[in-house]
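Asker: Here you go, one structure.
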Amino acid sequence: MATQADLMELDMAMEPDRKAAVSHWQQQSYLDSGIHSGATTTAPSLSGKGNPEEEDVDTTQVLYEWEQGFSQSFTQEQVADIDGQYAMTRAQRVRAAMFPETLDEGMQIPSTQFDAAHPTNVQRLAEPSQMLKHAVVNLINYQDDAELATRAIPELTKLLNDEDQVVVNKAAVMVHQLSKKEASRHAIMRSPQMVSAIVRTMQNTNDVETARCTAGTLHNLSHHREGLLAIFKSGGIPALVKMLGSPVDSVLFYAITTLHNLLLHQEGAKMAVRLAGGLQKMVALLNKTNVKFLAITTDCLQILAYGNQESKLIILASGGPQALVNIMRTYTYEKLLWTTSRVLKVLSVCSSNKPAIVEAGGMQALGLHLTDPSQRLVQNCLWTLRNLSDAATKQEGMEGLLGTLVQLLGSDDINVVTCAAGILSNLTCNNYKNKMMVCQVGGIEALVRTVLRAGDREDITEPAICALRHLTSRHQEAEMAQNAVRLHYGLPVVVKLLHPPSHWPLIKATVGLIRNLALCPANHAPLREQGAIPRLVQLLVRAHQDTQRRTSMGGTQQQFVEGVRMEEIVEGCTGALHILARDVHNRIVIRGLNTIPLFVQLLYSPIENIQRVAAGVLCELAQDKEAAEAIEAEGATAPLTELLHSRNEGVATYAAAVLFRMSEDKPQDYKKRLSVELTSSLFRTEPMAWNETADLGLDIGAQGEPLGYRQDDPSYRSFHSGGYGQDALGMDPMMEHEMGGHHPGADYPVDGLPDLGHAQDLMDGLPPGDSNQLAWFDTDL
């Protein structure tokens with residue numbers, strides 16, 4: 001190791017060389033600066049003399065770090081030589097940085113840049129000058145292009161109109177080249193004569209190259225609003241539509257992209273394309289296989305069809321639904337699938353296109369993409385499926401779609417859950433296979449969980465409750481479904497939905513579900529314990545009062561509140577109480593609410609379904625002696641006897657059963673006369689002994705068929721964009737048909753309700769009569 005004395009001796013020996021190096025740097029320049037004025041700055045130097053603050057710098061450390069940065073060492077002579085080279089080439093380095101084009105070709109200039117990631121000061125200072133130089137050059141070129149085009153346009157316009165097709169072709173090529181540069185492109189679009197000549201040439205030529213160049217020129221012009229207007233004013237749209245029939249792919253591409261730009265940004269373009277027959281041409285192009293071309297074409301169709309019924313019908317007549325469904329079934333390119341799903345969404349609100357899409361397999365094709373990573377594609381498919389689903393209740397092969405929809409109920413996206421619930425509601429209506437499939441894949445549990453999570457979001461709870469209502473009746477798994485709602489803790493939340501803030505559409509659906517749940521004896525006690533019976537009576541009283549009030553005012557039309565007829569609520573609540581009354585404890589609660597006078601009054605209703613459910617609940621209540629006596633005391637014998645002659649077998653049978661039970665304590669003679677009357681009324685076509693009927697009417701509907709929801713026209717609200725108020729079968733059956741034969745409608749009492757004891761208290765918390773209807777309206781959005 002060197003001693004202190006050795007180091008001092010070495011330092012003294014190097015002192016003259018160090019001073020000489022510093023003097024040279026001050027006279028010339030530091031090897032890494034390239035700037036003469038560097039000597040007058042206070043930038044630190046290797047000697048440390050240039051900055052008084054660094055007099056105490058450890059030079060050994062500096063030398064150590066310097067050595068670490070290089071793989072070889074330099075002698076003082078070599079350093080001096082390199083320093084001299086840098087000083088001699090300083091001007092060349094500055095010129096190379098700022099004006100590289102002025103250097104002689106092949107000239108080598110030593111660089112002062114040690115690290116490629118860190119530019120030198122000269123290089124950094126040169127950047128603005130380079131940018132300025134390029135800007136000036138571009139400006140000169142732009143001006144040259146503009147001047148050249150301005151001078152050439154009149155002559156090129158004449159050449160495009162020449163009779164010699166060779167001349168026309170050459171002119172078209174030149175115009176196409178000019179349109180690629182911005183300055184000349186602006187000059188072209190500012191010449192109406194030139195644009196008209198381009199359009200005319202494109203439309204009339206038989207030469208492929210000429211067509212390609214002219215179409216390409218219009219495509220270039222269409223990237224500017226001024227160009228779009230020029231094309232539009234020159235009659236370019238009919239010509240471009242004609243080009244959609246070209247056998248040349250490049251011409252097709254130019255034509256469709258130019259039309260797409262026009263449709264997006266040029267006012268009046270949509271009508272012009274429709275009038276030129278563009279829709280038919282575009283639908284015919286859907287059999288192409290270029291996915292990017294198809295994406296632009298389908299987007300054009302969406303723009304044209306949106307909000308225009310005539311366009312939707314033209315697409316239908318041209319075979320559009322089948323072609324669009326084929327695309328959804330065939331391709332995987334996300335943008336194409338998205339644009340195609342947008343067209344289908346627009347068409348799915350058209351009553352004519354809807355069945356065509358369904359018949360083409362649209363439900364299954366759209367269902368293929370519900371698990372796609374693209375959320376915009378999934379959402380469009382769901383919206384379209386929701387719109388189509390009310391027309392797809394008879395479709396086969398829906399197993400995969402149903403399973404996916406049940407899974408989507410667990411999504412955190414509210415829009416996804418809303419659509420999935422609405423689709424399931426429609427697809428489970430009147431389709432026992434779909435009902436069984438949904439039950440088998442855990443649909444009951446998923447729907448109950450959805451209702452629990454939704455809270456008071458009725459756009460989710462209403463379709464979910466309707467789906468549960470469908471799943472709990474009229475199929476082999478119905479009893480399992482009725483039990484499953486209870487086992488998955490659904491009864492409390494279902495009963496809760498009968499209360500505020502629920503609106504009438506949701507209340508109607510919930511009443512129907514409770515009626516179905518009551519078909520399962522195991523649900524009788526839990527429903528009673530949750531307070532379902534008093535709330536049903538409360539709703540019944542309110543709805544009946546509304547119908548009475550309207551009748552007393554001379555109204556003949558059925559009253560709608562939030563899209564629901566109050567007669568539907570009367571029928572639904574009475575029907576639910578009818579099934580609940582099969583349980584002896586429930587009968588006691590129902591009778592204790594002083595409902596018998598109201599049920600007797602309902603026997604006078606002009607609506608057959610209300611007559612039937614009223615007679616049905618009285619039939620159940622009449623099993624108890626006290627109730628039978630109360631029914632008779634309310635004067636039920638007269639209306640029941642009248643109803644024996646009803647042409648509705650359900651009404652007549654229930655009426656007979658009530659009369660029969662009311663006669664159990666009567667003298668034998670009365671029983672005999674009644675038996676004759678019942679036999680003659682009930683068995684007019686097939687006379688038989690009364691005692692052969694056993695328990696007539698005691699279990700009508702026991703197979704799980706809600707008496708108010710017939711197989712051919714269930715109480716069903718379609719969840720598609722047409723709104724809650726539209727039914728899949730075109731009618732709402734709960735109160736649709738009046739009794740065909742004689743009925744006591746003229747004597748229907750309109751005086752006040754019998755005293756229910758707690759009627760006023762029951763009125764609190766009912767939905768308002770004038771709330772806005774909750775519905776999805778028919779829209780392309």
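Note that Cβ sites are derived from N, Cα and C of the backbone, with glycine treated the same way.
So Swiss-Prot says this about it:
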| type | residues | note |
| --- | --- | --- |
| REGION | 2-23 | region 'Interaction with VCL' |
| CARBOHYD | SER23 | O-linked glycosylation site |
| MOD_RES | SER23 | phosphoserine |
| MOD_RES | SER29 | phosphoserine |
| MOD_RES | SER33 | phosphoserine |
| REGION | 34-56 | region 'Disordered' |
| MOD_RES | SER37 | phosphoserine |
| MOD_RES | SER45 | phosphoserine |
| MOD_RES | LYS49 | N6-acetyllysine |
| REPEAT | 141-180 | repeat 'ARM 1' |
| REGION | 156-178 | region 'Interaction with BCL9' |
| MOD_RES | SER191 | phosphoserine |
| MOD_RES | SER246 | phosphoserine |
| REPEAT | 350-390 | repeat 'ARM 6' |
| REPEAT | 478-519 | repeat 'ARM 9' |
| MOD_RES | SER552 | phosphoserine |
| MOD_RES | SER675 | phosphoserine |
| REGION | 705-781 | region 'Disordered' |
| REGION | 772-781 | region 'Interaction with SCRIB' |
Asker: Roughly how many Å separate the Cα of SER191 (phosphoserine) from that of SER552 (phosphoserine), to the nearest whole number?
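Answerer: Between the Cα atoms of SER191 (phosphoserine) and SER552 (phosphoserine), the distance comes to 77 Å.
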Asker: Say we define neighbours as other CB atoms within 10 Å of the CB. Which of the modified residues SER191, SER246, SER552 has the fewest?
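Answerer: Per-residue Cβ counts within 10 Å for the modified residues SER191, SER246, SER552 bottom out at SER552.
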Asker: Where DSSP helix means H, G or I and strand means E or B, what are the helix, strand and coil counts for the region 'Interaction with BCL9' (156-178)?
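Answerer: Summed over the region 'Interaction with BCL9' (156-178), the classes give 19 helix, 0 strand, 4 coil.
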Asker: Six or more residues beyond either end and a Cβ under 8 Å away: which residues meet both conditions relative to the region 'Interaction with BCL9' (156-178)?
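Answerer: Counting only partners 6 or more residues beyond its ends, the region 'Interaction with BCL9' (156-178) has Cβ contacts under 8 Å with 145, 149, 184-185, 187-188, 191, 193-194, 197-198, 200-201, 205-207, 209-210, 213-214, 216-217, 220.
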Asker: Looking only at C-alpha atoms, tell me how far SER552 (phosphoserine) is from SER246 (phosphoserine), rounded to the nearest Å.
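Answerer: SER246 (phosphoserine) has its Cα 72 Å from the Cα of SER552 (phosphoserine).
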Asker: Kindly assign SER191 (phosphoserine) to one of the three DSSP-derived states: helix, strand or coil.
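Answerer: Once the DSSP labels are grouped into three classes, SER191 (phosphoserine) ends up as coil.
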Asker: Looking only at the region 'Interaction with VCL' (2-23), what is the mean pLDDT?
Answerer: 49
